[in-house]
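What follows is one structure encoded as structure tokens, with my remarks underneath.
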Amino acid sequence: MEGLTDPIMRDVLTHVGSFDWCVTEFIRVTDSVLPDHIYYSYCPELKTEGKTAAGTPVHVQFLGNNPEMLAANAVRAAILGAPAIDMNFGCPAKTVNRHRGGSVLLDEPEVVYELVKAVRDAVPAHIPVSAKMRLGYMDRNFMLDNAHAIEDAGASWVTVHARTKADGYTPPAFWDQLQPIREALKINVIANGEIWNNTDARQCQLESGCEDLMIGRGAVTTPDLTQCIRNNSDEPLLCWQDLLALQIRFINGPSKTEIGMVGRYKQWLGMMSKHYPEAKMLWNEIKRLKKIDEINEKITIQLASP
């Protein structure tokens, strides 16, 4: 997700969680092959065999509407070491949709097919190509058409967010709507949307018929969520002290600017405050701070006072 699953967050979450793989923020493609430094900015893991420090593969995700340029950029990513390529047809952002990218393309299944096929045909056969979609743009009229388009174009699997663009991120997610997609396709269908805990995960699997899940905001909000799901546990596996250590790792990670890192940390802490009362207390202490050293001090004090 743009602005959320950046390299620092991937490092932290894969350090503690049990992910099969993760995905970069989308790389927007327009009319040229991007320079290598852009790839390394979005996916520094390309320098380490396409894996995080914890050994989790990182798939490179693209967004765009130009088949030739998407294909050329996917090939470049593969040359640089991307273990897999993912294509974004799910982004609901107005600025993205206005430029004919993301979920707006779900009104044009034939274009979805053309884009996925162009990338699949260009990328070496041993590198998987996948796609992420929603149930539709403003409605679900082309739900199965888009799913078939992705499969017919040669994708190895499809991830489906169980809402339309019009639904945004407003609950509920319509997990039951994934069932006809799963039944219609031969490739694997991965369920996504509104999975915040182990109970949600089990209910999603039950309603969708999908075994595999993709988790975004839920994993950021509850960093041990994947472990809880694998252990079928409704109780957190990490205490707040464990999470404080992760926060120190996060805020001292690489960043272009101090103000950017402080903003990212506050965003994360705000999300965790939905589940951890200690996060709300820490938020009140750091919300006006602007220096990493000052925030480090507050985290360290809380870490030393279990």
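Quick reminder: no glycine exception, Cβ is built from N, Cα and C everywhere.
Please treat TrEMBL annotations as automatic predictions, because they have not gone through curation.
Annotated features in TrEMBL:
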{"type": "DOMAIN", "residues": "1-232", "note": "domain 'DUS-like FMN-binding'"}
{"type": "SITE", "residues": "Arg28", "note": "site 'Interacts with tRNA'"}
{"type": "BINDING", "residues": "Gln61, Lys132, His161, Asn192, Gly193, Glu194, Gly216, Arg217", "note": "FMN binding site"}
{"type": "SITE", "residues": "Asn88", "note": "site 'Interacts with tRNA'"}
{"type": "ACT_SITE", "residues": "Cys91", "note": "active site, proton donor"}
{"type": "SITE", "residues": "Tyr169", "note": "site 'Interacts with tRNA'"}
{"type": "SITE", "residues": "Arg264", "note": "site 'Interacts with tRNA'"}
{"type": "SITE", "residues": "Lys266", "note": "site 'Interacts with tRNA'"}
{"type": "SITE", "residues": "Lys287", "note": "site 'Interacts with tRNA'"}
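The structure, with features from TrEMBL marked on it.
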residue	record	Cβ contacts under 8 Å, 6 or more apart
Arg28	site 'Interacts with tRNA'	Phe62, Leu63, Gly64, Val96, Gly101
Gln61	FMN binding site	Val23, Thr24, Glu25, Phe26, Ile27, Ile85, Asp86, Met87, Asn88, Lys132
Tyr169	site 'Interacts with tRNA'	Pro92, Arg163, Arg217
Gly193	FMN binding site	His161, Ala162, Arg163, Ala173, Trp175, Cys204
Glu194	FMN binding site	Ala162, Pro171, Pro172, Ala173, Trp175, Asp200, Cys204
Arg264	site 'Interacts with tRNA'	Asp6, Ile8, Met9, Phe250, Ser255
Lys287	site 'Interacts with tRNA'	Lys266
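Less than 8 angstroms from the CB of Asn192 (FMN binding site) sit Lys132, Thr159, Val160, His161, Ala162, Leu213, Met214, Ile215, Gly216, each of them six or more residues away in the same chain. Counting only same-chain residues at least 6 apart in sequence, those with a Cβ under 8 Å from the Cβ of Cys91 (active site, proton donor) are Glu2, Phe26, Leu63, Asn97, Gly101, Gly102, Ser103. On the 0 to 100 pLDDT scale, the model's mean across the domain 'DUS-like FMN-binding' (1-232) is 97.
Of all residue pairs in Gln61, Lys132, His161, Asn192, Gly193, Glu194, Gly216, Arg217, the annotated binders of FMN, the farthest apart have Cα atoms separated by 21 Å. Under the DSSP three-state reduction, Lys287 (site 'Interacts with tRNA') is assigned to coil, being neither helix nor strand. With every protein chain in view, the residue among the recorded positions His161, Arg217, Lys266 whose Cβ has the most Cβ partners within 10 Å turns out to be His161. A coil conformation is recorded for Cys91 (active site, proton donor) in the three-state DSSP classification, outside any helix or strand.
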